[in-house]
């Protein structure tokens with residue numbers, strides 16, 4: 001039986017033809033300006049996800065998707081974080097770098113692409129710790145086998161914890177030629193490195209600290225990747241000194257290498273580190289200062305002085321406060337120096353030693369003053385001798401010049417310029 005042109009053939013569902021796939025095997029994506037190449041099977045590996053809906057072969061949606069000028073499928077999302085989405089689509093796992101700062105943004109991308117399992121993997125890291133809990137020290141220190149000490153978070157630390165170490169290091173170089181050359185290149189410091197606790201480094205250097213190599217770190221953590229925006233060591237030392245730091249150690253290593261085999265110039269390169277430390281404020285001297293101001297300067301009828309009052313006040317305060325915050329001042333033993341006409345005081349061994357020390361100091365002072373006077377006199381004599389020597393040299397020059405005799409008549413010269421010169425000066 002023949003069928004008319006308006007009739008169409010019926011295919012049952014189990015025997016129907018498969019819907020052709022309009023997507024190529026390798027798909028080129030443009031995600032926020034970043035270009036990615038991936039397989040079509042990777043994009044549709046997780047059912048009911050957004051990428052599965054976009055690139056599913058059951059619907060012909062290839063013409064509905066946005067494309068850029070080069071025909072690549074365009075997705076208006078973060079191109080940097082999309083690499084982790086692709087990693088998860090490949091093997092259901094994602095490996096993030098250490099101290100990854102954009103975990104929250106990656107979680108938002110996973111929610112957008114409708115990947116619930118990836119959202120669960122990223123969710124536990126977003127839970128904030130309560131203030132009563134403690135956090136461990138740096139993961140880098142723990143991985144290197146250091147002591148895993150437990151330290152409280154920055155919110156629980158006392159406000160006056162401002163003590164610690166800061167290490168300042170630099171790699172410098174200088175070129176020195178032969179002695180007497182003026183074109184020698186002096187010290188060159190390309191970069192000043194800063195190591196230590198982040199809170200201390202920010203307190204000392206402030207806006208001059210470059211944190212681009214180690215950003216988004218807690219203030220109580222330690223770093224060795226900060227450096228300063230200026231190149232003057234003395235400026236860094238001044239800033240450390242103004243904040244109460246003093247240098248406790250330093251080390252340096254120097255190497256020399258020739259510029260080339262034809263010259264004697266040497267390039268000296270060195271790496272130097274300076275360790276600075278600021279001590280904690282253990283006690284305050286305000287109470288003792290107040291007692292000294294209120295007390296009498298001279299001894300009164302009771303025989304007590306300002307020092308006695310200050311020591312007694314310090315003793316009373318040391319009993320009330322903790323031993324870590326105060327310094328206990330011991331009692332001051334004083335000897336009575338009462339003298340009468342009937343009974344002269346015998347000089348003890350201590351007084352004899354003190355007198356000998358005073359004599360020794362006076363003798364040393366005399367020798368120093370006499371030495372300085374002699375040096376001044378000798379310097380004046382040397383200056384006078386130098387002046388005389390200059391005058392003598394001038395006199396010798398004048399005498400030598402007077403001894404020069406110019407002949408009345410010069411012999412004839414062979415060259416014409418010589419005769420012209422003689423005629424010019426009428427010789």
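Backbone N, Cα and C atoms are what each Cβ position is placed from, and that goes for glycine too.
These come from Swiss-Prot:
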{"type": "DOMAIN", "residues": "25-98", "note": "domain 'BTB'"}
{"type": "MOD_RES", "residues": "112", "note": "phosphotyrosine"}
{"type": "MOD_RES", "residues": "130", "note": "phosphoserine"}
{"type": "MOD_RES", "residues": "137", "note": "phosphoserine"}
{"type": "MOD_RES", "residues": "143", "note": "phosphoserine"}
{"type": "MOD_RES", "residues": "146", "note": "phosphoserine"}
Can you check which residues sit near residue 112 (phosphotyrosine), meaning Cβ under 8 Å from its Cβ, same chain, 6 or more apart in sequence, and list them in order? 50, 77
Taking helix as H, G and I and strand as E and B in DSSP, count the residues of the domain 'BTB' (25-98) in helix, strand and coil. 19 helix, 16 strand, 39 coil
Could you please provide the mean pLDDT value for the domain 'BTB' (25-98)? 86
